[in-house]
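The structure under discussion appears below in the form of structure tokens.
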Ligand code: SAH
Ligand code: SF4
């Protein structure tokens, strides 16, 4: 697999584009940035640049560093792209459409993941490497290329965003920049397995995206078994970090829980979760476990999910039970990384 010999531009800000060889005067950087945000797939399309600049940039720089290897479509409207990075690493990115037609990009920030959550396909793979900002931005641009303008972006694909925060920040800076794609920070969600240091870092230094924390369970022993991250990031401290983030960002956080049949859906689990959520301003998002072959978990029945929801609602918690999407193409939460190239 060829390694990258050209400069990759999708992760650069206007001032960085202006500093590329041959890009002058200064305002050319802004022009290129604007084209990139509009989804231009080559320098030749950038009609307001002089031909000699388009030619020289085509020689030295690349608008895309990655390639779509395969596009899969689920009958429910979910689209999954399998993307090959310049060094041959593979990632996946998903487009979800909700019942009101809003489109959300679910992007990856790492190839694989080191966190080792017991119920997750990506966790089974282990970590290959961090993505750079361009590789993150390109996923969004590719999804817009195949599906038109998107409304939201969630860092809920492969990988743990807090373990690659600088690239996530840079990608967000590019996507939210008013001279480019101009996405609002309100439309960006970062989902973490509960890395406390990262939550404080984002709270103190921004950007203040929406924060989702994958709690799964508030039972410390069970959580430690399911999510090894719990060991260095204990639940009481995590709870404080979420409260701090809410206060600093003035945004309501989300607690996510993958529902595992017979494991974290009983009355005792509900009580623990209620206790954890008490005093926090949170929304609770429940995701019935999506099957991953070879993992020792089972899907909860509809009745089991509904009973759990009722228990939380009785305690006046704000709860959503997520509908299953993208499962026919292995594009649902926790299923990413099953490479099905024919
Ligand atoms: N690494 C980040 C973001 C990606 S995982 C995180 O863990 O938050 C996105 C969500 O999918 C997380 O809430 C995770 O707990 C959940 N998840 C993982 N495997 C799952 C599965 N098999 N079924 C349902 N949800 C799953
Ligand atoms: Fe990594 Fe998130 Fe999967 Fe855990 S759930 S292994 S943190 S991708």
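Cβ atoms here come from the backbone N, Cα and C positions, even for glycine.
Per TrEMBL, the features are as follows:
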type     : residues                          : note
ACT_SITE : 92                                : active site, proton acceptor
ACT_SITE : 333                               : active site, S-methylcysteine intermediate
BINDING  : 113, 117, 120                     : [4Fe-4S] cluster binding site
BINDING  : 159, 160, 191, 214, 215, 216, 290 : S-adenosyl-L-methionine binding site
DOMAIN   : 99-328                            : domain 'Radical SAM core'
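All features noted in TrEMBL, drawn onto the structure.
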{"residue": "92", "record": "active site, proton acceptor", "DSSP (3 states)": "strand"}
{"residue": "117", "record": "[4Fe-4S] cluster binding site", "DSSP (3 states)": "coil"}
{"residue": "159", "record": "S-adenosyl-L-methionine binding site", "DSSP (3 states)": "coil"}
{"residue": "191", "record": "S-adenosyl-L-methionine binding site", "DSSP (3 states)": "strand"}
{"residue": "214", "record": "S-adenosyl-L-methionine binding site", "DSSP (3 states)": "strand"}
{"residue": "290", "record": "S-adenosyl-L-methionine binding site", "DSSP (3 states)": "coil"}
{"residue": "333", "record": "active site, S-methylcysteine intermediate", "DSSP (3 states)": "coil"}
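When Cβ atoms from all protein chains are considered, those within 10 Å of residue 216 (S-adenosyl-L-methionine binding site) total 28, not counting its own. Take the mean position of the Cβ atoms of 113, 117, 120, the recorded [4Fe-4S] cluster site; other residues of that chain with a Cβ within 8 Å of it are 115, 116, 119, 121, 122, 123, 124, 160, 193, 334.
117 are the recorded positions among 92, 117, 215 whose C-beta comes within less than 6 Å of an atom of ligand 2, given in sequence order. With respect to their backbone Cα atoms, residue 120 ([4Fe-4S] cluster binding site) and the residue listed as 'active site, S-methylcysteine intermediate' stand 8 Å from each other. Proximity to ligand 1 at the level of Cβ atoms, with a cut-off under 6 angstroms, picks out 191, 290 from the binding-site residues 191, 215, 290. With respect to residue 216 (S-adenosyl-L-methionine binding site), the closest of these recorded positions in Cα terms is 117, chosen from 92, 113, 117, 333. Of the candidate recorded positions, 92, 113, 333, the one lying closest to residue 160 (S-adenosyl-L-methionine binding site) when CA atoms are compared is 113.
On the 0 to 100 pLDDT scale, the domain 'Radical SAM core' (99-328) averages 96 in the predicted structure.
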